[in-house]
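K.L.:
For reference, Swiss-Prot lists these features for the protein:
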DISULFID  58-290  disulfide bond
DISULFID  71-83  disulfide bond
DISULFID  106-151  disulfide bond
DISULFID  294-318  disulfide bond
DISULFID  487-491  disulfide bond
CARBOHYD  26  N-linked glycosylation site
CARBOHYD  27  N-linked glycosylation site
CARBOHYD  39  N-linked glycosylation site
CARBOHYD  142  N-linked glycosylation site
CARBOHYD  170  N-linked glycosylation site
CARBOHYD  181  N-linked glycosylation site
CARBOHYD  302  N-linked glycosylation site
CARBOHYD  497  N-linked glycosylation site
LIPID     554  S-palmitoyl cysteine
LIPID     561  S-palmitoyl cysteine
LIPID     564  S-palmitoyl cysteine
SIGNAL    1-16  signal peptide
TOPO_DOM  17-528  topological domain 'Extracellular'
């Protein structure tokens, strides 16, 4: 009877005072990826991939863009009559051109080295138009009749505003010899052209002379062009073509023109007033009366994040473009009810804590205690502050390293450079793939480190308590310790702050531990006796049942019994 009572006493042992080490939990549903796992729910995380834009064209650092609307760069610089609103433009931050502007070269033809000209304009922020050869200075040539129905204005034939189409006057076209000296302190952009008639009749009707040329020379340029008379299909009602050229005239340099026909002379030129970081962006958007540091063709980005996936082409101080759809850095610990027992990639031991505590709100790591005075949570603020500072510095370092001024603008190639253009696109795609891979790998590795860092911090707290308590408490295996002595709130606080007095409680703990161990040993003997008794009794009952069954079967003939001697 006494042994049974002891056994029942062991079963009903009351739990002692306990202290547990754990981590903060909340209602967060934020998920991150690591090298080892995907979609790990964490208490706190920081998105470093910008996905949003405002859908507008904005000023860049307070300077408005030059939005050409339906005009092309060529139509603007030559002075297409439909582009009069751009005859004089203020400083711009970048130039916006539609994919297929309708007002370009109204008189059909070509613009020599047009892609290079656009590249020049993409590194310019302001030009100023000046007159270099007045229209009324062509006294021996007709400077007013050179118009075309292909360049209409108010229902009448017109021509480009910034050049003069010179034709014969009084049935004569004297040889032109003109020189202009650039006395400005700025470089000068000069444009001119040559007309290619459709037939010989048009040639003599316009210029009198049949064998004509246009010669242009500077200190670096020596060009002589001959009109090409040929039958061509009509474009904008014209069989003829005009080919335009351009050059940059340095300060104190001169440009000389000589021609006896077919000359499209410059009236205005452009001073390159300000060079800088500009670009030509293709977009159909309109100005949105806003300001930004980063502009894309689909809208402005206002973000401090180091990466974005809005559009590969950008202007300004922009995050780096990557092809990723998700880049999230973990900052807080895991936020799951159960943590699988595992070892992290970087060596931190995880899994001895069963779950997080939503009741602990003032720290990432801490304690939960229970004793006769009650129970409660207490954050370990020192380890929490160190962790917050470390992770914040790491995140800021990643952002600072990646969030540098970065521009990616489109490049112009002519029809003869398609293979170069394709190669350029392949190279850019390759760079984007590398950036994307590096960004994703960086995030995966840092998230793995962060989660292991949190696990390590909790483990350090656990070890701190274990080293203090030693054999004054029992490890329960779930992040908790059960004391072998009474531990009031003052005692609990001493464990938390590292001042626990082990000798003070060691004698009480030893006595309680020995008493519990003795009860365990006595109960073990009781269990052995009960086990033997149970085994013998069950064996005897089984033998009686088998004998009775055999006797019954023999009596009714179901079983024959033979005894052989």
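Cβ from N, Cα, C; glycine included.
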K.L.:
So which recorded positions out of 142, 181, 290, 302, 487, 497 end up within 10 angstroms of residue 170 (N-linked glycosylation site), measuring C-alpha to C-alpha?
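P.N.:
If one measures from the Cα of residue 170 (N-linked glycosylation site), the recorded positions that come within 10 Å are 142.
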K.L.:
Can you tell me the CA-to-CA distance separating residue 487 (disulfide bond) and residue 58 (disulfide bond), as a whole number of Å?
P.N.:
66
K.L.:
Give me the CA-CA distance between residue 39 (N-linked glycosylation site) and residue 497 (N-linked glycosylation site), in Å, as a whole number.
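P.N.:
Taking the Cα atoms only, residue 39 (N-linked glycosylation site) lies 36 Å from residue 497 (N-linked glycosylation site).
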K.L.:
Hey, of 71, 83, 142, 181, 497, which of those recorded positions are within 10 Å of residue 294 (disulfide bond), Cα to Cα?
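P.N.:
Near residue 294 (disulfide bond), where near means Cα within 10 Å, there are no recorded positions at all.
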K.L.:
With residue 142 (N-linked glycosylation site) as the reference Cα, tell me which of the disulfide-bonded residues 58, 106, 151, 290, 318 is the closest one.
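P.N.:
Closest by Cα distance to residue 142 (N-linked glycosylation site) among the disulfide-bonded residues 58, 106, 151, 290, 318: 151.
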K.L.:
According to DSSP, which kind of secondary structure is residue 497 (N-linked glycosylation site) found in, if we only use helix, strand and coil?
P.N.:
helix
K.L.:
Where's the emptiest Cβ shell within 10 Å among the glycosylation sites 26, 27, 181, 497?
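P.N.:
Comparing Cβ neighbour counts within 10 Å for the glycosylation sites 26, 27, 181, 497 gives 27.
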K.L.:
Among the recorded positions 26, 27, 71, 151, 181, 318, report those whose Cα falls within 10 Å of that of residue 302 (N-linked glycosylation site); none is a fine answer.
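P.N.:
Hits: 318.
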K.L.:
By a simple count, how many Cβ atoms lie within 10 Å of the Cβ of residue 290 (disulfide bond), its own Cβ left out?
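P.N.:
Summing over all protein chains shown, residue 290 (disulfide bond) has 14 other Cβ atoms within 10 Å.
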K.L.:
If we check Cα distances from residue 497 (N-linked glycosylation site), which of the recorded positions 83, 151, 181 wins as closest?
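P.N.:
Spatially nearest to residue 497 (N-linked glycosylation site) by Cα position is 83.
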K.L.:
Consider the recorded positions 27, 71, 181 and say which one has the Cα lying nearest the Cα of residue 151 (disulfide bond).
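P.N.:
It is 71, whose Cα lies nearest.
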K.L.:
Which of 142, 170 (the glycosylation sites) has the most other Cβ atoms within 10 Å?
P.N.:
142
K.L.:
Starting from each candidate's C-beta and looking 10 angstroms out, tell me which of the glycosylation sites 39, 302 has the most other C-beta atoms.
P.N.:
302
K.L.:
Suppose we draw a 10 Å sphere around the Cβ of residue 106 (disulfide bond). How many other Cβ atoms does it contain, all chains included?
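P.N.:
The answer is 26 other Cβ atoms.
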K.L.:
By the count of other Cβ atoms within 10 Å, pick out the sparsest of the disulfide-bonded residues 487, 491.
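P.N.:
If we count Cβ atoms within 10 Å for the disulfide-bonded residues 487, 491, the smallest count is at 491.
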